[in-house]
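What Swiss-Prot says about this one:
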type: COMPBIAS; residues: 179-199; note: compositional bias 'Low complexity'
type: COMPBIAS; residues: 206-223; note: compositional bias 'Polar residues'
type: CARBOHYD; residues: Asn215; note: N-linked glycosylation site
type: CARBOHYD; residues: Asn287; note: N-linked glycosylation site
type: COMPBIAS; residues: 290-315; note: compositional bias 'Polar residues'
type: COMPBIAS; residues: 325-335; note: compositional bias 'Polar residues'
type: CARBOHYD; residues: Asn354; note: N-linked glycosylation site
type: COMPBIAS; residues: 391-419; note: compositional bias 'Low complexity'
type: DOMAIN; residues: 448-538; note: domain 'Spaetzle'
type: CARBOHYD; residues: Asn463; note: N-linked glycosylation site
Amino acid sequence: MVRTQMDRRSPITRLITIEVIGYLLILMTIALPLSSAGFGFDSANSCSPNGKISRRGRAQILAAIPCDLGQQAFCHLPGSAYPWHAVRRFVHENQGLMKRMYGDVRHISILRDEIQNNEVDADDIEETAERYSKDGGRRSAKYLMNNRDRDREREDFGSFKSNDVLMEPHFRPVSTITTSTTKATTTTTTAPEIVSSTTERVPNEVTDTTPGNTNSTISTTKGTAPPLHEKPESETDIVEIQPSPESNSVYEVVSPSVLSTTSTAKPSSAAGENIQIIDSPQLGLRNLSAEASPSQEPPTATTGKPTSVPKSTTPLPIRKRKPAETTTSAASPKVSSTISTPTTTTATLLIRRNVTKYSPASVTTPVSFASLFSGTSSGLFSPERLRRPLTTTSSTSAPASSPPAGGTPASSSTGSASKSGLLREGQLFQDAMKQEPVAVASNLRGVNACPVKDEVVAPFWANNTRGEVLALLNLYPFEQYVHWEKCTHEFKQMFCRDGCRCEQQYRLHRLLAYDPHNECRGIFSDWFRFPSSCICKCYNIPMEFRATSRSPRSDSRFDAPKSDPIEAAEAEVQRAIYEHATEEWYRPRDEFDFLED
């Protein structure tokens with residue numbers, strides 16, 4: 001009896017056990033994927049590792065790229081290996097992100113559009129597949145938008161999902177804007193000669209070499225200068241040439257044959273001492289026109305007096321000025337010359353630079369900046385052009401004998417000018433420029449010392465900073481543009497100074513990229529190195545000047561010309577009014593009582 005009951009229960013127990021085990025297996029198969037999904041998103045499930053692109057090797061992809069990325073860091077052509085499918089999928093799945101990154105679209109508008117148009121219709125999928133399956137020759141905006149009019153007739157067109165982001169790839173060629181350098185032309189205009197003996201706005205500096213070394217300045221203006229007291233020492237007329245500040249040239253060059261003055265020689269009772277005139281220290285360079293050569297004889301002092309048309313008898317005031325830096329050698333041999341009759345004398349006139357008054361005898365010569373420091377003698381800074389003496393011949397009633405055959409200041413200046421150049425030994429280029437001021441006009445247009453090629457490029461392929469070849473996201477209208485200036489003549493001197501050359505500079509950019517060897521990585525951002533600008537780099541600067549920490553040179557003479565004084569005063573008044581108004585507006589009143597009822 002008992003055995004029979006056990007025999008009956010055993011099949012039932014076996015069935016229950018089998019069913020329980022089956023249910024446990026079903027629960028395990030359902031619970032394992034859920035538990036794995038709870039740890040995070042598996043990127044391997046979102047890509048197709050067995051796809052066509054993943055099976056292609058690195059060599060095949062590099063061969064499919066139309067540019068040699070081993071020679072250059074980018075390629076602006078897509079080629080057949082560009083992953084259009086991954087780029088389109090990323091743009092389609094991140095419409096809000098792309099619109100916020102590339103346009104002025106509010107985030108709430110993007111969210112509203114995504115919520116309302118979150119429907120995925122089979123028609124959209126078929127239309128998109130048909131659109132991108134057509135050949136490239138039939139792709140056009142007119143062909144792609146031919147069904148839009150039919151869709152507008154639908155009642156639910158307002159909520160109809162339109163994939164405007166999925167547009168055709170829009171290729172834009174690389175800009176070929178080149179910066180060409182033009183040769184500056186030189187135009188010279190000569191002012192008419194001044195014939196009259198009375199000159200306006202041109203002061204005559206009378207250097208009086210008395211034993212006390214004092215100088216007096218006589219300003220000649222339409223009047224008769226009374227005769228000064230006769231002195232045994234010599235006197236020389238020095239005309240100060242003053243260029244025009246209103247001209248548009250970089251430098252003002254005064255022609256040596258446009259200004260003439262008339263002077264009358266006066267007999268000298270005794271021979272004067274030998275005088276060596278040295279220019280003022282503020283001019284920077286040495287006075288090349290008045291230095292006497294050691295191999296030549298000392299110059300002969302001449303005596304001259306300024307004359308003018310007798311129109312009035314009002315005496316002109318004489319003001320004392322700080323004596324110039326002069327040296328007198330007392331031990332030098334004296335020149336015994338007694339002039340009994342009026343003779344024709346020659347006075348050496350020095351060109352004074354860095355003056356701001358107007359002179360009708362100035363000649364405007366616009367030249368290029370590079371030609372100013374050329375080593376040839378034909379340049380503007382050649383010693384012959386800089387310190388060429390202006391000679392003025394005084395005409396008298398009767399000719400007489402010439403001065404002694406000794407060396408003259410003109411001959412000595414020519415010898416010294418031919419031996420010394422613009423830059424002294426051990427002198428920096430910036431120091432010479434600081435001593436020799438350049439009157440830069442505001443309306444001149446400069447050129448780059450290193451010519452560049454300006455480009456705006458949206459590359460498809462590029463090498464990142466680790467040397468990996470990546471595809472950049474470049475789908476219209478979400479291209480990633482890079483603007484750079486490339487040297488047209490790299491490692492060449494061009495317009496740089498000696499010892500310098502043009503070199504390309506680079507800059508890092510962070511761009512969205514795609515790795516064709518790892519589709520599971522998706523779209524990510526990486527660093528890329530692209531050209532930025534072209535600079536002029538010098539290598540012959542001494543180490544002592546490199547090591548010293550100096551503030552940057554800022555000379556106001558190289559800056560833009562200052563504004564008119566009246567305009568500057570008006571601007572100062574406006575600024576004072578504005579400061580006063582803001583101070584009264586923002587500052588609380590002192591008499592305000594916070595405890596007032």
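Cβ atoms here come from the backbone N, Cα and C positions, even for glycine.
Secondary structure of the domain 'Spaetzle' (448-538) per DSSP, as helix, strand and coil residue counts: 3 helix, 53 strand, 35 coil. Same-chain residues at least 6 positions away in sequence with a Cβ under 8 Å from that of Asn463 (N-linked glycosylation site) are, in sequence order, Leu69, Ala73, Phe74, Val469, Leu470, Phe528, Arg529. If you take every residue in the domain 'Spaetzle' (448-538) and average the pLDDT, you get 90.
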